[in-house]
Each structure stands twice: as C-alpha cells, then as structure tokens.
C-alpha cells in the first residue's frame with residue numbers, strides 16, 4: 001500500500017527531490033535537484049522504527065559478498081558534474097557507488113547493498129561535496145592543517161619548512177634534506193599533502209634532485225628570482241618528470257615584462273598563482289595571462305571578493321609577508337604597485353566568466369587557509385547580486401554558476417596537479433574524501449568530514465555529556481585522525497621518479513605515496529572544467545582598467561557579505 005505526502009513533508013523526511021530548490025546558506029544562490037537516484041517508497045533511513053533494520057533495508061549479505069562499509073543516505077550531491085539526490089556508498093576507503101541503497105532481496109532498484117557490516121551516515125537534508133583542494137600553501141606552521149581540515153579542505157599542496165623567512169614569503173621547500181624532513185612529518189596529519197620544491201634555478205641539476213627527493217611540483221617565486229632563464233629551465237625539467245610548475249612572477253619587472261615571461265613559457269602548461277597580481281606578479285598587467293591557452297590561472301583568497309575593506313588591509317599584510325620595511329621608500333613603492341582596485345574588481349568578473357579557473361589560500365602569507373571555501377561562495381554570491389543569472393542558468397536556479405565555482409577548489413586543482421584520478425570530485429572509484437553540510441551552514445561550517453572513507457573531523461559537544469550535542473560544541477579530530485587509521489586514509493603526492501627510486505623506504509614514510517601524472521602537455525586551459533574561458537585581456541598601464549575582449553571589467557566593492565559575521569558570533 002502506498003501513501004501520498006506533500007513535497008515539504010517528503011523533504012523533511014528524506015531530503016529534497018527532483019525539482020526542489022535549496023538556498024545555499026544566506027547567499028542568493030539557489031540550486032535545484034536535477035535527478036533523484038533513490039526510489040520513492042523504498043528510501044532507506046536509519047533510526048528507531050526506520051528502514052535500515054535486519055530483514056528490512058538491511059540484507060544478510062556480508063561485506064566480502066558485496067555489502068558496503070558505509071552508506072551516506074539520501075544526500076544532495078553538489079559537484080561539477082551535477083546536482084543530484086542519491087545514496088553514496090563507501091567501500092575500502094573509496095567511493096564505491098552513487099545510486100540506491102538497500103536490501104536487494106526485498107527492494108527494487110538497489111545498486112548499493114546494505115548488510116550487517118554497513119554503517120550509516122544520515123544525509124537527509126544535507127549537501128555532500130568533495131573535499132576541498134588548496135594548492136597554494138605556505139607550510140609555516142603545522143596547526144594550519146587542522147584549521148584547513150575543519151573548513152572542509154582535505155588536500156593541501158605547497159612548500160616551506162616552518163616559520164623561516166623563506167617560507168613566510170614563498171611556497172618553496174628547498175633541497176632534498178628539507179623535502180625529506182617535511183615528508184616525514186606528513187605522517188602526522190590526516191589530509192593528503194604534496195610538496196613544491198624551489199624552482200628558481202638556471203640549470204637543471206638542483207631541480208632534478210628535489211623532484212627525485214619527493215617534490216610533486218616546482219614553484220617559481222619572484223623573491224628567489226623568477227627570470228626568463230629560470231622559467232625556461234624549470235619548465236624543461238618539469239616536462240622531463242611530468243610534474244606541475246607554479247609561478248609567482250616579477251612584480252618589479254626587473255628581468256622582463258609580462259610579455260617576456262609569456263615568451264619564456266614557450267606555450268608550455270603552467271599554473272599561475274594569484275593571477276590578478278595583488279599577491280605578486282608583473283605590475284600592473286600579470287592578469288593578462290588568464291587569457292592564455294597554456295596558463296592555468298588561480299586566485300588567492302584575500303582579494304576574494306572585492307569589498308570596501310580589501311585595499312586597506314593589503315598594504316600592511318604585504319609588508320609583513322615579504323619582509324619589507326615601510327621606512328624604505330623603495331619597499332613601500334614595491335608594495336603599493338601590487339595593490340590595485342581596478343584589477344581586483346576585474347578578478348571578480350573573470351571568475352564569474354570562467355576565465356580564472358581555481359581558488360586557493362596563500363596560507364598565512366597573504367591568505368587565510370580556513371576561508372578558501374567561504375570566499376569562493378562569497379564571490380559567487382557577489383557576482384549573482386551584481387551581474388544577475390548566468391546565461392547558462394534558467395533564472396529559477398543557479399546550478400551552472402554553482403558547478404563553475406565548486407570546480408574552482410575541487411576538480412580543477414586536482415586536474416592541474418595530476419591527481420584527478422584519485423580526488424577532486426564525488427565519483428565512483430575515487431578516494432572517499434567527502435564533506436557533509438547543512439544547507440544553512442553551507443560553505444561555512446561542515447557537519448562532518450570524511451577522509452579516505454573514515455570520519456576524520458566533526459563538530460562535537462561535551463565528551464562527558466549524556467548525548468553528543470550539549471554545548472560547548474567545537475570542531476574536533478575524530479578516530480580517523482589517529483594512529484594507523486590516519487596514515488591509511490590519506491596519501492602524499494610525489495613524482496613517479498621518487499617512487500621508482502624507493503623514496504618511501506628511504507624515508508620510512510607510513511603513508512602511501514601517489515605519483516602525479518598528466519600535468520604537462522596533456523592538459524591546458526581547456527581542461528579546466530566550467531572555467532576554460534580564454535578572453536583577450538588588456539590592462540591600461542595608466543589607469544589599470546582591465547578589458548576582456550574589449551569589454552571593460554569593473555564592479556563596485558561589496559559593502560556586506562554573506563557567510564560572514566552572523567556565522568561567527570562566537
């Protein structure tokens with residue numbers, strides 16, 4: 001016997017279904033469910049008097065026979081490929097299936113088998129996303145990693161050795177010894193990690209030894225001298241080893257202008273950091289490279305989005321990060337040349353057009369690593385308010401815009417850095433790095449963070465209380481963040497050459513090493529999902545006005561942002 005219920009009651013019980021719309025936190029962004037993989041009347045739900053009980057929604061199938069380890073029930077998946085309702089299965093630390101969970105002995109349409117060995121995470125009324133990937137990390141202090149994880153970031157790539165002055169300014173881990181010690185420390189942290197070696201050298205030998213020592217990328221930074229010779233050499237070595245190169249170009253234009261840097265690229269693929277320029281790069285026109293087919297451009301989050309306070313905070317921030325002295329006129333001029341309201345405003349619009357492909361933090365070095373996800377959605381909301389719906393959206397929802405923006409901190413950095421076969425999206429066969437959100441807290445405060453199939457972090461109440469919810473509630477590491485579970489549920493990225501050379505044995509690393517691949521000629525701007533636009537970008541050297549395909553790109557700074565103070569009163 002079947003029974004009809006209202007859509008609102010159904011959504012309360014099992015979460016939204018096809019055609020239902022959901023607001024993302026306090027933004028103006030609205031998503032609409034495109035498809036529901038569950039079966040009406042056969043939904044599975046855990047709890048007293050609910051469906052997932054022996055002989056009902058739970059079968060007798062063993063895990064060895066095909067039952068899954070964990071099922072996230074009735075979740076609303078938001079990913080670059082779609083916005084759909086489904087049950088999500090996890091098995092052996094991987095995403096096993098996306099579909100309909102239950103007991104195939106008595107239920108129709110079951111594609112995910114629940115057995116006695118299956119645990120349940122309730123996803124009803126929740127949004128499920130892939131874990132975030134921050135590809136611009138200054139490893140200044142280990143405490144960063146917990147802050148990033150609690151925000152929903154499960155993968156971090158960058159360079160540094162701790163609070164050295166080289167690390168304060170540059171995302172580079174220099175030399176085999178430092179790389180080895182940093183990689184050994186990574187066994188302590190429940191996230192995927194990768195090291196970028198220093199790429200500033202005019203001859204290949206020093207770069208080769210860093211890659212073979214474990215670097216999964218090389219970073220060219222102006223503070224170490226990003227000359228055309230260093231650029232050319234670094235890209236040549238990267239081509240030989242199939243690793244990515246990230247670049248922070250020459251703000252002072254000492255060794256050449258943006259055209260000289262582009263010439264040194266020789267059409268080769270490169271990841272351009274803070275492409276707008278406030279974080280560093282040829283003044284005032286580094287933003288031009290966002291229109292090139294071989295450049296994979298990203299932003300760092302302090303300029304995201306452009307607000308009434310953005311300019312004021314940047315000058316002091318820059319002086320500290322780059323070891324400058326405000327009493328020296330040349331240092332002050334260097335700082336002021338980088339902070340331009342015109343290019344920061346254009347950055348907002350280039351993100352909305354899909355010309356800027358990725359978002360990152362620049363952690364503690366002109367960036368806030370716990371705010372990559374929040375600032376991505378603040379930018380999307382600001383653009384919705386100022387520019388209206390995108391042409392690809394119907395007007396009733398913002399599905400395409402949401403897919404464009406979520407790709408900026410999930411799948412696109414994974415593609416850029418050669419790890420998209422393992423992470424970056426909610427897809428079958430990938431590592432189960434997943435984040436569950438309540439819609440009202442989307443992009444700000446996750447409900448649960450799953451790493452390699454195991455809950456690794458979550459908000460938790462008083463451990464001495466009789467139930468999990470009494471105040472004070474804090475984000476805390478969970479069992480997946482300890483002991484052997486930690487090292488079994490995350491990886492360290494490196495080059496194939498490092499693995500072939502027996503690096504794990506040499507360093508005694510417990511985490512699995514994962515080789516990056518397809519980072520060079522096999523990818524280009526066209527590989528950046530929903531963010532592959534290549535407009536012709538021009539910058540007026542006198543006014544700093546930015547035009548894309550002849551159109552002036554400008555917008556007002558935001559006076560008020562969503563996902564801000566109302567979420568952080570305590």
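Backbone N, Cα and C atoms are what each Cβ position is placed from, and that goes for glycine too.
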- Message: Starting from the Ni(2+) 1 binding annotation in Swiss-Prot that includes 136, 138, 362, which of 50, 219, 288, 445 is the extra site residue?
- Response: 219
- Rounded to an integer, what is the Cα-Cα distance in Å between residue 248 (Ni(2+) 2 binding site) and residue 221 (substrate binding site)? 5
- Task: Measuring Cα to Cα, tell me the gap between residue 362 (Ni(2+) 1 binding site) and residue 274 (Ni(2+) 2 binding site) in whole angstrom.
- Result: 9
- Query: Within 8 Å of the Cβ centre of 219, 248, 274, which other residues of the chain have their Cβ, at the recorded Ni(2+) 2 site?
  - Reply: 136, 170, 171, 220, 221, 222, 246, 247, 249, 272, 273, 279, 280, 281, 362
- Query: For residue 138 (Ni(2+) 1 binding site), which residues of its chain lie six or more apart in sequence with Cβ-Cβ distance below 8 Å?
  - Reply: 158, 159, 160, 167, 168, 170, 171, 362, 363, 364, 365
- Message: I want to check the contact list for residue 219 (Ni(2+) 1 binding site): same chain, sequence separation of six or more, C-beta distance under 8 angstroms. What comes out?
- Response: 158, 159, 170, 171, 172, 196, 197, 198, 199, 245, 246, 247, 248
- Can you count the other CB atoms that lie within 10 A of the CB of residue 274 (Ni(2+) 2 binding site)? 27
- Provide the three-state secondary structure of residue 136 (Ni(2+) 1 binding site) computed with DSSP. strand
